[in-house]
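Engineer: Take a look at the following structure, please.
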Amino acid sequence: MAVRHFLTLMDLTTAELNGLIARAIELKGSSRAGEIHEPLRNRVLGMVFEKSSTRTRVSFEAAMAQFGGHAIFLSPRDTQLGRGEPIEDTARVLSRMVDLVMIRTFEHDKIERFAAHSRVPVINGLTDHYHPCQLLADVQTYVEHRGAIAGRTVAWIGDGNNMCNSYINAARQFDFRLNIACPEGYDPDPALLAAAGDRVTLTRDPATAATAADLVVTDVWASMGQEEEQKLREAAFAGYQVNGELMARARPDALFMHCLPAHRGEEVSAEVIDGPQSVVWDEAENRLHAQKALIEFLYCG
Ligand code: CP
Ligand code: NVA
């Protein structure tokens, strides 16, 4: 059988994704009850990080430990990747030694090239274009707090970045409406927008996007690799902060999410991220449970 990868949310069917969310909730419950479940006993996950990480690294490493396996952290600084060994060669070698691979990198085509030469499942731990693992955790968090996300309205406020692109795919796969508000010049991938049809709208006005939303989501204004654009972006995104005034446009029971790390006073005010509508800590924790469900699905079928 062909190896399954998770490079974007479109690699799984809607039924498979919904199954993963249900399984993540189940695994969270059994793990909290102290049950031992080791489907990856003696198995190894290779983790290639070309960008920084707190949540992604710790959640994958903890997931493998809890599953009875092991994770290896690899960075370009101390592997041959940093000295120019081709990604295809790295894929061929790593996938003969480990059972799964997770990669966080820059260009999305790099993870596609890796996957094309890998004998084992490859998981996208973030590229410049997508962050699908985060969406599993976000959907799990919404479902836990409010029930099914299908038919709901999500507002994305800010940069049309990797998270925004993954929200567009999620709107298709999980069947929710997505209102995106971002400044001109910072739009998400137009091909993804076109493929999503009229369930996804794009506006320049955050208040319009947030109106009657069930969930309001934002992310940093300058993503990893864009640090030198910080000042330019602060100017472009002024007016795109998720604050109390903007949250008041959403439904009274709306939730707030942010993949973290966050910058209070920039993309989100402290009153919102530290307030009662924010579920960011559950969202961060759910990276662990959602990825355990993903690893189990990819490895065990
Ligand atoms: N949300 C997220 O991916 O966090 P890290 O960059 O800390 O992994
Ligand atoms: N858009 C952010 C997400 C970080 C988890 C980035 O790419 O830096």
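Note: Cβ is positioned from N, Cα and C throughout, glycine not excepted.
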Engineer: Besides D219, S223, M224, which of N162, N165, N169 does TrEMBL list for that L-ornithine site?
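Structural biologist: According to TrEMBL, the candidate sharing the L-ornithine site with D219, S223, M224 is N162.
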Engineer: Which of R23, R172, R287 shares the carbamoyl phosphate site with S53, T54, R55, T56, Q80, R104, H131, P132, C133, Q134, C259, L260 per TrEMBL?
Structural biologist: R287
Engineer: May I ask which of the binding-site residues R55, N162, C259 have a CB within less than 6 Å of any atom of ligand 1, listed in sequence order?
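Structural biologist: The binding-site residues passing the 6 Å Cβ test are R55, C259.
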Engineer: Compare the C-alpha of S53 (carbamoyl phosphate binding site) with the C-alpha of each of the binding-site residues N162, D219, S223, M224, and give the closest one.
Structural biologist: M224
Engineer: Compile a sequence-ordered list of residues in the same chain as N162 (L-ornithine binding site), six or more apart from it, whose Cβ lies below 8 A from its Cβ; state 'none' when nothing qualifies.
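Structural biologist: Set apart from N162 (L-ornithine binding site) by at least 6 residues yet with Cβ under 8 Å, we have L126, T127, D128, H129, Y130, H131, S223.
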Engineer: Between Q80 (carbamoyl phosphate binding site) and M224 (L-ornithine binding site), what C-alpha distance do you get in Å?
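Structural biologist: That separation, Cα to Cα, works out to 22 Å.
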Engineer: Excluding N162, D219, S223, M224, which residues of the same chain place their Cβ within 8 Å of the centroid of the Cβ atoms of the recorded L-ornithine site?
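Structural biologist: Along the chain, the qualifying residues are L126, D128, H131, D159, N161, M163, V220, Q226.
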Engineer: Of S53, R55, Q80, D219, M224, C259, the binding-site residues listed, which put a C-beta under 6 Å from ligand 2? Please answer none if none do.
Structural biologist: D219, M224, C259
Engineer: The domain 'Aspartate/ornithine carbamoyltransferase Asp/Orn-binding' (151-297): mean pLDDT?
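Structural biologist: Taking every residue in the domain 'Aspartate/ornithine carbamoyltransferase Asp/Orn-binding' (151-297) and averaging pLDDT yields 98.
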